[in-house]
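Quick look at what TrEMBL annotates:
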{"type": "ACT_SITE", "residues": "H68", "note": "active site, proton acceptor"}
{"type": "BINDING", "residues": "D69, V72, G74, D76, S78, E87", "note": "Ca(2+) 1 binding site"}
{"type": "BINDING", "residues": "P160", "note": "substrate binding site"}
{"type": "BINDING", "residues": "H190", "note": "heme b binding site"}
{"type": "DISULFID", "residues": "C37-C113", "note": "disulfide bond"}
{"type": "DISULFID", "residues": "C70-C75", "note": "disulfide bond"}
{"type": "DISULFID", "residues": "C119-C324", "note": "disulfide bond"}
{"type": "DISULFID", "residues": "C197-C231", "note": "disulfide bond"}
{"type": "DOMAIN", "residues": "27-328", "note": "domain 'Plant heme peroxidase family profile'"}
{"type": "SIGNAL", "residues": "1-25", "note": "signal peptide"}
{"type": "SITE", "residues": "R64", "note": "site 'Transition state stabilizer'"}
Amino acid sequence: MGASFIHTPTLFFFWFSMAAALVQGQGSRVGFYSRTCPPAESIVQKTVQSHFQSNPAIAPGLLRMHFHDCFVRGCDASILINGTSTEKTTVPNSLLNGYDVIDDAKAKLEAACPGVVSCADILALAARDSVVLTKGLTWKVPTGRRDGRVSLASDVNNLPRPRDSIEAQKQKFADKGLTDQDLVTLVGGHTIGTSACQFFRYRLYNFSTTTANGADPSMDAKFVTQLQALCPSDGDGSKRIALDTGSPNRFDATFFTNLKNGRGVLESDQKLWTDTSTRTFVQRFLGIRGLRGLNFNVEFGRSMVKMSNTGVKTGTEGEIRRVCTAIN
């Protein structure tokens, strides 16, 4: 017993180091550019901040962009490549805000440190900086990713979709090594940003024969009326509506309050509450009595680190693109 006690600090340091290595993932690490390009993170941060001041919509756009990138071929910036049938040309990606922010940051980094910082790392850093600008908590971003050389529109089928069942969502996240808690946490990123009417309008009309207005019965009736006014059945499908009607521009847990109250805009989001297997995590973020609470902002950073190490290319894999829109 005494011997074990004497070695506890050593064992603690060993296990802490091992845990840190696991969290940082496949060859990426915090501070990767500390010697090769010390101002890298500061340049990305200042670029995102500058664009955000004139267009706050870039924050949710950059967050989604990183998410969409990681779910297709891993976090390798394949979403940024231009072409006739690349990931960027698909509907989910063509509607994203912030591509110009990444291009701007890359140009500044190439001027400061030519051929050093990957577009994939710029995306990961910009996503974190976007959360901070919308009053979320920061987290340390492991860097050292390299850029992919392939981008195919057909691969975007891997992305979670607004009509996905809970089982389909779980499977897509599990395929990336992410847990059910990661699923609920990362979908919570919808606390900022918008969705086009075309992606949820079907829930408002002729969805069900059990409700007076034909809407999805899992939705709050007053909320249905509000959304019908904003998204008429024959209206503009590209019109955008906030995904978090409680505090649409602030990174917080009100998104989960909305789900509890039947005010989730996307069907896939609302299912996080209606399905008992994921509802528990929503309740924990809400601090429901009798359950061990979870701090959404803290858990979001942890889940983002896990996701951002999905399919990472490091070492001699991939390349460091000179411009983010084209392979070298």
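Along the chain as shown, the residues are counted starting at 1.
Cβ coordinates are placed from backbone N, Cα and C, and glycine is handled just like the others.
A gap of 35 Å separates the Cα atoms of C231 (disulfide bond) and G74 (Ca(2+) 1 binding site).
Taking Cβ-Cβ distances under 8 Å and a sequence separation of 6 or more, the neighbours of C119 (disulfide bond) in its chain are A77, L80, I102, K106, D147, R321, C324.
Comparing CA positions across the recorded positions R64, C70, D76, E87, H190, the one lying closest to C37 (disulfide bond) turns out to be D76. Among the recorded positions S78, E87, C113, P160, H190, C197, the ones whose Cα is located within 10 Å of the Cα of C70 (disulfide bond) are S78.
In the shown protein chains, 29 other C-beta atoms lie within 10 A of the C-beta of D76 (Ca(2+) 1 binding site). In space, H68 is the closest of the recorded positions H68, D69, E87, C197 to P160 (substrate binding site), judged by Cα positions. With respect to V72 (Ca(2+) 1 binding site), the closest of these recorded positions in Cα terms is R64, chosen from R64, C113, H190, C197. Look at the Cβ of each of the disulfide-bonded residues C113, C324 and count the other Cβ atoms within 10 Å; the largest number goes with C324. Taking the mean position of the Cβ atoms of D69, V72, G74, D76, S78, E87 as the Ca(2+) 1 site, the remaining same-chain residues with a Cβ inside 8 Å of that point are H68, C70, F71, R73, C75, A77, I79, G148, S151, D155, G311.
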